[in-house]
Amino acid sequence: MSSQPKLRILCLHGYRQCDQSFRQKTGSTRKLVKALADFEFVNGIHSVAVDEHSETSRAWWFSNADQMSFSSREPTDVSVGFDESVNAVVKFIEDNGPFDGLLGFSQGASMVHLLIAKAQLGEIKLPGIRFAIFFSGFLSLSSKHDTLTSLRIKDFPSMHVFGDSDEIVARPKSEKLADQFDMEPIRIAHEGGHLVPSMSKHKERITQFLREQMAPIASA
């Protein structure tokens, strides 16, 4: 008897993180749903040069071209390195896919949203990807992304997890991102701050969400 197929989820880390550090930070969540999903991690291609640990400190794009830094709070007219990161993620998916879903934290969550929007506009292809999970997500404040951030995301299941004590990405910003999805998003609030929380209190909800996404692969 063959084992039940698992979902494959591609994970995008936050600003000044990397694939390996994000793997560690998501350990408890991955363990919680290990029977349902396998997780793979992609590394941002841009080093945060001002950080002494630049090899393990990465970004998807920069909002300040002079300092080559990023802020989720300040509007900007630039998105340095964004297009290169889009191409890198698309190439990673082509080389290592297929994947069923995307998961992102903070800037990585914003990147996930922008990738989905670009796919829905037909600008890129994300073969097989049909759902997303966001931790501390937010809408990009770069005017370069206005077409993407104003787009209503259609027919795309999503789960949004945010902290009531998050001082970097306040809950209303994550709620605003969730509002862009026309298919009623799953929203989970936790008491913590800017982190990927233990999801043990919400095991039933995340398990149910993932099981719903498994239907296409179970019938394949």
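Glycine is treated like the rest: Cβ placed from N, Cα and C.
Among the features that Swiss-Prot reports, active site, charge relay system is placed at Ser106, Asp166, His194, with the record citing similarity to another entry.
Comparing the active-site residues Ser106, Asp166, His194 by how many other C-beta atoms lie within 10 angstroms of each C-beta, the top residue is Ser106. In this structure, the CA atom of His194 (active site, charge relay system) is 8 Å away from the CA atom of Ser106 (active site, charge relay system).
For Asp166 (active site, charge relay system) paired with Ser106 (active site, charge relay system), the C-alpha to C-alpha distance reads 11 Å.
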